[in-house]
Structure formats: C-alpha cells, structure tokens
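Per TrEMBL, the features are:
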- C172-C182: disulfide bond (DISULFID)
- C196-C205: disulfide bond (DISULFID)
- 168-206: domain 'EGF-like' (DOMAIN)
- 1-22: region 'Disordered' (REGION)
Amino acid sequence: METGGRARTGPPQPATPGLWRARPAGGGGGASSWLLDGNSWLLCYGFLYLALYAQVSQSKPCERTGSCFSGRCVNSTCLCDPGWVGDQCQHCQGRFKLTEPSGYLTDGPINYKYKTKCTWLIEGYGLIVPEIRGNETVPEVVTTSGYALLHFFSDAAYNLTGFNIFYSINSCPNNCSGHGKCTTSISVPSQVYCECDKYWKGEACDIPYCKANCGSPDHGYCDLTGEKLCVCNDSWQGPDCSLNVPSTESYWILPNVKPFSPSVGRASHKAVLHGKFMWVIGGYTFNYSSFQMVLNYNLESSIWNVGTLSRGPLQRYGHSLALYQENIFMYGGRIETNDGNVTDELWVFNIHSQSWSTKTPTVLGHGQQYAVEGHSAHIMELDSRDVVMIIIFGYSAIYGYTSSIQEYHICELLKNCNFFIDWECFSL
C-alpha cells in the first residue's frame with residue numbers, strides 16, 4: 001500500500017527498470033501474494049527473453065547477405081548444392097566429380113566440421129596440382145593414369161583450417177618455371193612434358209645445371225658438353241665453385257642421376273654404404289605395384305640398380321639397417337599390410353650372394369625383445385672381441401615410445417658356424 005493512497009488491486013509495478021520495490025511486512029497473507037506476483041513477473045520476463053532469443057536464432061541464414069557459399073538463397077534460406085551442408089552450405093559432406101580442365105576443390109570457407117567425410121574424383125589425362133611459389137609445404141602431385149581420387153575425413157578431436165587445392169589437366173609442372181616450354185609427348189599424345197632451356201633441367205625445369213653460372217669467369221665455367229656441371233678453377237671448389245681451396249666448410253652435391261623408374265621414390269627407408277654402392281632397403285610409398293624392396297646406387301656411374309631376389313621380407317618402413325662386413329642386418333619396422341603391424345623380425349641380407357635369411361634371436365631369461373619402429377641400430381666390436389648390434393629406442397605398438405636399449409650378439413654368425421645369438425635389453 002502506498003502512503004496516502006489505497007491498496008493496489010493489480011500486480012506490483014517495478015519502481016525502476018530492473019529494480020523491484022519491497023513491500024513492508026504485515027497485512028497477513030498479502031506478503032505471500034506479493035511475492036507470488038513477483039515470481040510470476042520474473043517468470044513472464046524469462047519467457048519473453050526466450051521468445052526474443054528464439055526469434056533471433058531462427059533468423060534466416062541468407063536473409064541479410066542474400067548468398068550462400070555452395071548453394072542458392074530461396075526465401076531467405078540456403079538450399080545447398082549436392083555434397084554440401086550447413087546453414088550457409090559452408091561444409092563439404094559428400095562426393096564430387098570434377099571433369100573441367102582446371103579448377104579447385106576445398107572443404108569450405110571456414111574450419112571444417114567434426115567427423116567430416118568428403119571425396120573428390122578428378123577425371124583427365126595427366127593431372128598436375130601446381131605448387132605455389134613460397135609455399136613449399138604444399139607438394140606438387142602428378143598422376144598420369146587419367147584419374148585422381150582425394151578422400152578427406154576428420155575425427156572428433158580437431159576442426160582446423162582445411163585446404164584449398166588447385167588442379168590443372170594436361171598442363172606442365174609449375175608451367176616449366178619459366179625456363180622451358182610445355183610440349184606434347186610424341187609417344188603418348190595425351191601427355192605433356194617440359195622441354196627445358198639450355199641451362200636448366202628437372203621435370204619443371206627448376207634445377208639449374210650450373211648454379212650462379214659457376215661464378216664465371218673468376219671461379220669456373222659451366223660445361224654443357226658432358227655431364228653438364230661446373231668445372232672449377234684451381235683455387236675454387238663445390239657444386240657452384242663458391243668455396244675456397246682448401247675449405248673448412250662442408251657442402252652438398254646433387255648428382256646427375258640417370259633416369260630410373262618411379263619405384264625409387266619412397267619415405268622412411270634406410271640406406272647403408274658398402275664400397276662404391278649405396279644400398280637402399282624398404283620404405284613407404286603410395287603405390288607398391290612397381291616397388292622394389294632392395295636397390296643399390298653406384299656412386300661412380302650415378303646409376304640405380306635393382307636386385308633380382310627370389311624371396312625375402314615383406315615390404316616395410318621405419319626399420320633399421322646396420323652393416324657389418326658383407327651382411328646388412330635389418331630389424332623391426334612397420335610391415336606394409338592391412339594390419340600394419342610393428343614387427344620384431346630380424347633379417348640378414350648378404351651382399352655377395354644378394355640373398356635374404358631370417359634369424360630368430362634367443363632371448364635371455366632376464367631379457368625382453370621389443371617390436372619397434374623409428375629406432376636406430378649400430379654394430380660395434382667390444383673389448384672382448386664380441387660383436388654386437390645395439391638397437392636404440394623406438395616406438396612400440398604396445399608400450400608406446402620406449403627408452404629401452406636392446407643388445408643383439410652376432411659373433412657366431414661372423415665365424416660362419418652354427419648361428420647362435422642372444423638378446424638382452426635394458427632401460428635407461
């Protein structure tokens with residue numbers, strides 16, 4: 001009841017917006033009635049807020065912009081093209097078939113969704129995804145089969161920025177880098193290749209025969225008649241004749257390797273040097289149809305060779321190699337099968353006979369043998385003249401990354417008598 005007035009017959013009114021006036025105690029049940037009315041007003045305001053929020057949240061996605069990323073705006077609502085989802089058709093979720101001579105594919109303009117699955121099939125003859133200069137983290141992909149399939153999926157843990165990929169059919173890598181011209185192949189008319197200018201080489205004509213022209217004329221000159229490389233003057237050395245003689249600096253040389261089949265390309269392989277040959281064993285590749293488990297590279301002639309082996313280990317990567325005399329010891333790695341198991345197999349490759357043999361170590365009672373990948377191996381001769389192979393660390397499918405060091409005794413094998421080995425393991 002207000003002072004000097006009569007009792008209100010309606011619900012209480014707010015004194016100021018957002019602030020309620022308290023009623024003095026007394027009047028019996030009136031206080032309870034007032035409090036009940038106050039709660040009702042609060043409840044009413046709550047419903048009003050929810051109604052306004054729902055009206056805002058239900059506003060049409062393209063009501064203001066009038067556009068959708070991969071669809072069309074109809075009655076202020078996005079109708080998505082096939083393979084796209086989201087209120088603005090901004091997420092891929094389906095299959096796409098691309099047949100245009102050039103174009104791009106993307107997961108969408110913003111971060112991709114959780115548990116996304118998108119597939120693109122590109123049909124053409126000789127597909128090339130050009131690499132953007134200055135973005136060496138994006139590799140160039142070439143296929144000559146006429147088809148390319150890209151499958152993208154995301155888990156429930158991350159939703160990151162995604163990708164944009166540009167493609168072109170029947171075009172040369174990086175447009176021959178401006179150092180050659182794109183030419184149609186005579187043997188396969190549907191394919192093209194880069195015909196490089198005088199001083200350039202490589203698929204994209206991006207590798208100079210003679211870097212910086214060999215510092216000509218003071219440091220050397222570019223010889224294009226033979227191996228096409230720098231011939232340095234007496235006081236200079238290095239692949240581009242830029243290092244003094246004598247030099248305290250180390251440097252890389254890119255040899256002019258003779259053409260070879262694509263089976264050379266691989267990752268997570270291992271290599272050892274024996275005489276004038278570098279032996280490369282195993283590795284990971286996208287296509288194992290023409291894959292060769294064992295290769296050797298002649299350092300003098302710059303030629304790759306493939307060994308003809310009747311039997312041997314399954315393809316694998318992440319293994320280790322260690323050389324002792326005429327034998328290459330290969331341990332562990334991930335076998336390239338459907339299961340992709342990490343193995344504890346021990347294989348020995350004899351260079352003279354170019355043949356494989358498998359060995360089963362005898363594990364000592366107090367020891368344990370770990371199947372690992374990504375480890376390293378080293379062979380050494382102890383003071384006792386015993387020869388051992390040390391396996392350092394690695395990843396185990398059971399124990400994760402391990403700090404254990406395994407010791408493998410090979411002394412009896414080197415005496416060409418009965419093969420006896422034992423295996424010890426200790427942790428740091």
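The backbone N, Cα and C atoms fix where each Cβ goes, glycine too.
Keep in mind it's a predicted model, so treat the numbers as computed, not measured.
Structure with TrEMBL features highlighted.
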{"residue": "C172", "record": "disulfide bond", "Cβ within 10 Å": "23"}
{"residue": "C182", "record": "disulfide bond", "Cβ within 10 Å": "15"}
{"residue": "C196", "record": "disulfide bond", "Cβ within 10 Å": "20"}
{"residue": "C205", "record": "disulfide bond", "Cβ within 10 Å": "24"}
Tally of residues which DSSP labels helix, strand or coil - the domain 'EGF-like' (168-206): 6 helix, 14 strand, 19 coil
C172 (disulfide bond) to C196 (disulfide bond) - Cα separation in whole Å: 11
Whole-number Å value for how far C182 (disulfide bond) lies from C205 (disulfide bond) (Cα to Cα): 10
